[in-house]
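One structure is given here, and the rest of the page talks about it.
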Amino acid sequence: RTCYKTYSDKSKTCPRGEDICYTKTWCDGFCSQRGKRVELGCAATCPKVKTGVEIKCCSTDYCNPFPVWNPR
């Protein structure tokens, strides 16, 4: 599996057994100015997240691009 790892669309071949790509987003103290924090990566299973954290998991190559931010 090949997943995006950074906002600049750098992709990475995932380690063996990590066949899920994910995009995790959440707000911090600068959310209103900078938008949500974003983490992209690979995992063996879709990661569990805390309240206030959104996650999208997918299982095809390049399926987790950096999300588009729409300023308010």
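Backbone N, Cα and C define each Cβ position, glycine as well.
Taken verbatim from Swiss-Prot:
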- Cys3-Cys21: disulfide bond (DISULFID)
- Cys14-Cys42: disulfide bond (DISULFID)
- Cys27-Cys31: disulfide bond (DISULFID)
- Cys46-Cys57: disulfide bond (DISULFID)
- Cys58-Cys63: disulfide bond (DISULFID)
Item checked: Local backbone state of Cys31 (disulfide bond), from DSSP in three classes -> helix
Next item on the list: Anything within 10 Å of Cys46 (disulfide bond)? Look among the disulfide-bonded residues Cys3, Cys27, Cys31, Cys63, comparing CA atoms, and list what you find.
Entry: none
Next item on the list: Filter the disulfide-bonded residues Cys3, Cys21, Cys27, Cys31, Cys57, Cys58 down to the ones within 10 angstroms of Cys14 (disulfide bond), Cα to Cα, kept in sequence order.
Entry: Cys3, Cys21
Check: When the Cα-Cα distance from Cys63 (disulfide bond) is computed for each of the disulfide-bonded residues Cys3, Cys27, Cys31, Cys42, which gives the smallest value?
Finding: Cys3
Margin query: Just to verify a number: CA distance, Cys3 (disulfide bond) to Cys58 (disulfide bond), in angstrom, no decimals.
Written below: 10
Next item on the list: Whole-number Å only: compute the distance from the Cα of Cys58 (disulfide bond) to the Cα of Cys42 (disulfide bond).
Entry: 10
Item checked: Most crowded position, judged by CB atoms within 10 A, among Cys31, Cys57 as disulfide-bonded residues -> Cys57
